[in-house]
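Features of the protein shown, as given by TrEMBL:
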TRANSMEM  B:29-47  transmembrane segment
TRANSMEM  B:59-80  transmembrane segment
TRANSMEM  B:107-129  transmembrane segment
TRANSMEM  B:136-154  transmembrane segment
TRANSMEM  B:185-205  transmembrane segment
TRANSMEM  B:231-252  transmembrane segment
TRANSMEM  B:272-296  transmembrane segment
TRANSMEM  B:308-332  transmembrane segment
Amino acid sequence: MNTAPLLTLENVTVDFDGFKALTDVSLSLAPQDLRVLIGPNGAGKSTLCDTIIGRVRPTSGRILFKNQPITALPEQDIVRRGICRKFQTPGVLPSLSVMENLLVSARKNRAWWLAFSSSPPAAEQERAEEILETIGLTDRRETLAGSLAHGEKQWLEIGMVVATDAELLLLDEPTAGMGPQDTQRTADLILSLVGRHAVLVIDHDMSFVEALNGYTTVLHQGQILREGTVSEIRADAAVEAVYLGRAKEDVA
Amino acid sequence: MKPASLITILTLALGAAAPWLISSYELSLLGRFLAFSLVALGIMLTWGEGGILSLGQGVFFGLGGYALAMNLKLAGLNLANGDMPDFMQWSGVSALPGFWYPFANPWFSLVCVVLVPGIFAAAFSWLVFRRRIGGVYFALITQALALAFATLLVSEQAFTGGFNGLTDFSTFAGHDITSQGAARVIYLITFLLVVASYFFLRWLLGTRFGTMLRATRDGENRVRFLGHNPLPYKVVAFTLAGMLSGMGGALFTLHAGVISPALVGVVPSIEMVVWVAVGGRNVLWGAIAGTLLVNFAKDEISSALPSLWLYALGGLFILAVSFLPGGIAGLFTTPRMPRFFQRRRQEAAE
Ligand SMILES: Nc1ncnc2c1ncn2[C@@H]1O[C@H](COP(=O)(O)OP(=O)(O)OP(=O)(O)O)[C@@H](O)[C@H]1O
Ligand SMILES: [Mg+2]
């Protein structure tokens, strides 16, 4: 490939007081890539996201976004460069309406002194309406986000992340707590985002991972175990041993 | 006309006519309590909408009160002649301290009433919030601040009037402030400022600033990871609350004729939070109603049984927090209304 990578992790290590949550992780994502990250509980998947968005700072190693190091930037500046993340436990703003959640996310100029107007710019409003439609919450527009069902919260947060127009979206377990039907809808939603954004999806659910059918990275005990297509990963004995085998047991 | 706007107009009319409707004693109480309600509006903004609980609003109340009281104390003195306020003479001070001089100018004093608490609140909250200190830790720091402030006022007797504070005022900018006519004017000014602050905050909370402030209360991290810096929203809210408190303190000083450490320390600061908890911390009129209600009750109870008030206050707070999380105002607004009322309202609507 001759396109420059959008995101590069170079030998990233995260050490929590002696416990290495990530060891020497190197990873590269192209623009408009769809990447799936899987791994057993505690593998370090969420920590990897945390490190990219600046919630956790790497002990060593570098993270480059569009060839610029972002490891030392304040969190909100990393987002402004174009990375936004959906949290594992839905992080919607509970006492704001669904629409307000989207409008807060869609703010283009985030300077606080521009906040003293009562209505958002028309372009932002339009974008929020559009996303409301995409995530299928049009009839929940004025509902307080805190009273949405779990799955609806997940969609709203995906919508919020999309509304920021970030080039790279990190989606941490977007289908947690969803039934098969909603999971399929979520997969369709994510696939519709690829092309406009690069997307990194973390998930446990193999049927979901197969539906996404993206290039897959397996993380195990803070290290990259394998990378490959879903079918390659499926067929890999080492992955089977640490992850898929266990997942099957869980299901059984 | 909608019933809400009818109630608004009635309240405004009654408030404006109060000087001719109630006795001068009652008017002086109402004026004081309305001055308090400016503090309450600030607490509603920071605590209710911003999720920032300050147990030290008495500090800003005191800064405003003392800024004005210093002028009232200097009024009528010939400074060029070496005149000094009475308490300074008793403390054996030889010359008026330098920082007192500018307060001889009434307009300088008035500006300081708002500016000193404002600047102090801005600097303090910026320093603390920048280090991401919030919640209980923030409440504790502000409480310590109230304690330190009251202690400082008491210990620097020669400059502050010590435990007795500043009292015995007669004129402001050449006007007599002790007559009954003056009391009415002071009441009306207080009333106007409460009304203006109410409508200002109503506007502010309806802007995107209000939404961002609530968003920050709901999930500071989520807001940050949507690319916003939550710091300025919190600092602006806390600063406005400080300025409102300062204004309240100055007006209270005019009504009561005194400002002293006992009015600005830890206990009064906690009382201020109770007013808002009782009235409803997410509704502007709730903050005002709670302040008036609790303070009139305090006046009744403490004149009958002085020792009982603190227990009553504690009980009230526990009741409000455990049974009425939305305060009195919460009974009237849909989102936080207990189910019982919601059903009644639905039935009524059908
Ligand atoms: N702030 C922290 N301090 C100490 N240890 C942490 C911290 N955050 C995460 N860990 C540890 O790092 C490891 C990786 O956690 P992480 O949340 O990244 O796993 P995960 O792959 O997302 O797991 P899951 O599938 O359960 O979400 C875990 O053992 C966790 O306990
Ligand atoms: Mg995780």
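Counting starts with 1 at the first residue shown.
Note: Cβ is positioned from N, Cα and C throughout, glycine not excepted.
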Q.
Short question: most Cβ pairs under 8 Å with the transmembrane segment (B:107-129), which of B:29-47, B:136-154, B:231-252, B:272-296, B:308-332?
A. B:231-252
Q: Go through B:29-47, B:231-252, B:272-296 and flag the stretch with the largest number of C-beta pairs under 8 Å relative to the transmembrane segment (B:308-332).
A: B:272-296
Q: Report, as numbers and ranges, which residues of the same chain sit near the transmembrane segment (B:272-296): CB under 8 Å and 6 or more residues beyond its ends.
A: 29-30, 32-34, 36-37, 39-41, 43-44, 47-49, 53-55, 57-58, 61, 194, 198, 201-202, 205, 313, 316-317, 320-321, 324, 326-330, 332-333, 336
Q. When each of B:59-80, B:185-205, B:231-252 is checked against the transmembrane segment (B:29-47) for Cβ pairs under 8 Å, which one has the most?
A. B:231-252
